[in-house]
Each structure stands twice: as C-alpha cells, then as structure tokens.
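Here's the structure we're looking at; comments come further down.
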Amino acid sequence: MSSKLVAIVPAAGVGARAQAARSGGAVLAPKTMPKQYRMLKGEPMLRRSVRALLADSRIAQVRVAVAQGDPWVAQALSGLPRTVWRACGGPTRAQTVLSALRDAALDAGDWVLVHDAARPGLPPSALERLIDTCLAHGAGGLLAQQVADTVKRARDADAGEAKAPQVVQASVPRDALWLAQTPQMFPAGLLLGALEAAGTALSQLTDEASALERAGYAPCLVPGSVRNFKVTWPEDFVLMEKWL
Ligand SMILES: Nc1ccn([C@@H]2O[C@H](COP(=O)(O)OP(=O)(O)OP(=O)(O)O)[C@@H](O)[C@H]2O)c(=O)n1
Ligand SMILES: C[C@](O)(CO)[C@H](O)COP(=O)(O)O
C-alpha cells in the first residue's frame, strides 16, 4: 500500500443517553465524565476502542478528537503507540470528524478510517475484513449488520395524547436493510470533499457513509459483528463488559 491509512476517533461527545438512568431518566448536563472515559473491565472505553484499531499494523496512526479542555484524555491514552489526540471536537459527531480530518492534513489519496470511541468491542477479524475489502475495491465502505428482526414503522404520534403507546403504521421489508457500524473507511480526499459539500446539512449526518451517499457514491457494506455494538444506553456497559 503506497498511500497511508490513518484512523480518526471522534471522542468529543457527552454520552447523555448513557447517563439517563443515573439522573432518574432525565438527560444530564454535560458536567459528568463522558461515557468514553468510563471503565470497562479496568480500562477506559476510549483506550479499548483505540487499542482495537492498533491491532491492525496497517493503521499508521490513530488520531483522537476530543472536546476543548478535556481533562481526561491524556491519562486515558497514556503510553499507547502511534496515537495522538487533538482538542478539535465540534458540536456534532460530523463536525468533530470534519475538523479532525482538516487537522490531519492528509494527502487526497491517503485512506482514512473513522471509528466511534463508543465501540470498544471491534473484533480484529472485522477490522481486517473492512480494510481488505476497501483496498481491494479501491472504494470506501463500512461495517454493517443485516437486519434480523421484523421491522415496523410507527404511525406519527398523536400530539394530544402524550402517554398513548406508539402504534404500527406498516411493516417494512427488511431484505435490503443493514444497520451501520464503524469503522467506516474512505479515501481522505473523497471524505473531506463530501463532508464539506454537505454544508448546512452536515450536522444532520449521523455517519461518514451518509456524506458519500449525498455526493453520489455507493459505499461497500462489509459484514460487521454483534460484538461491535455502540455503547449508548446505561445497560450497554454491563453487556459490553460481558463480551470483553
Ligand atoms: N459532538 C460530538 C458528538 C459525538 N461524538 C462522538 O461520536 C461517537 C458516537 O456518538 P454517540 O455514541 O452518540 O456519543 P454521544 O454523542 O457522546 O452520546 P449521546 O448522543 O447519548 O450524548 C462517540 O464516540 C462520541 O464521542 C463526537 O466526537 N462529537
Ligand atoms: C456512526 C454510527 O455509529 C453508525 O451507526 C451512528 O450513526 C452514530 O450515531 P450517534 O447518534 O452519534 O450515536
């Protein structure tokens, strides 16, 4: 591989949903330690996610993007090889990724792989599969899981009945449906161009592939892993510890 492969880990979120139970159901103000620094089997979640990436020697560097004034990152990442961190976090995930990408100043032909700090369970085999597929096809792609359950679309909630249960409008054919995971891997120039072209829609993009799709590309869907779920809700910490 003549071009280099660099990983970006957006880690500037506050983990509001993960704190819901501890605040009695309400979403907390971002004062408590964000979820990416909570310990999972004796190690901060962020450190585990970075170590999962370092397992593949083709990744030349891992660049972690944190919020301004983050007091936890230096300790959480101490001693890890090929790893740097920058206080370039933005108000949304997509804005964090865009500023990290600009900060990295990669060549257009380099590859960039974006991975959530909140996915510490990434298996080496899934990472290897993604990198192999993207390099072989010369195109970008993402890890994803085919939907296994029957899918329902809810009818618009009745504004007058806040406590009424949601009801089904229709069942949705699931054959072509996949759930997007990370890492997501693209040529750096392509991803930067697609994120910049999103303009005011940037903050609505929930993953990198969406930016490429808007720009007319069709990213490869590479089978991910059930272990690679995103730690989002309070109960996810216990579940992830069982996998690790
Ligand atoms: N402004 C933001 C928001 C999110 N993220 C990162 O994007 C990843 C996926 O986001 P998510 O799981 O939603 O984390 P949070 O935004 O922290 O969670 P919540 O939405 O519950 O607050 C995480 O690694 C998170 O730190 C980020 O770098 N910058
Ligand atoms: C990127 C992602 O993990 C793919 O599933 C997801 O879209 C992040 O969403 P979040 O709302 O920022 O957790």
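Cβ atoms are placed via backbone N, Cα and C, with glycine included.
Automatic prediction, not curation, is the source of TrEMBL annotations.
If you look up TrEMBL, you'll see Arg17 (among others) marked as site 'Transition state stabilizer'. Around the Cβ of Arg17 (site 'Transition state stabilizer'), 15 further Cβ atoms fall within 10 Å across all displayed protein chains.
Positions annotated as site 'Transition state stabilizer' by TrEMBL: Lys35 (among others). Sequence-distant contacts of Lys35 (site 'Transition state stabilizer'), defined as residues of its own chain at least six apart whose C-beta falls under 8 angstroms from its C-beta, comprise Gly13, Gly15, Ala18, Gln19, Met45, Ala118, Val231.
Remark: Arg174 (site 'Positions MEP for the nucleophilic attack') has Val147, Asp149, Thr150, Val151 as non-local neighbours, by Cβ distance under 8 Å and separation of at least 6 in sequence. The feature site 'Positions MEP for the nucleophilic attack' is assigned by TrEMBL to Arg174 (among others).
Residues annotated as site 'Positions MEP for the nucleophilic attack' in TrEMBL: Lys230 (among others). Under the DSSP three-state reduction, Lys230 (site 'Positions MEP for the nucleophilic attack') is assigned to coil, being neither helix nor strand. Within 10 Å of the C-beta of Lys230 (site 'Positions MEP for the nucleophilic attack') there are 17 other C-beta atoms, taking all protein chains into account.
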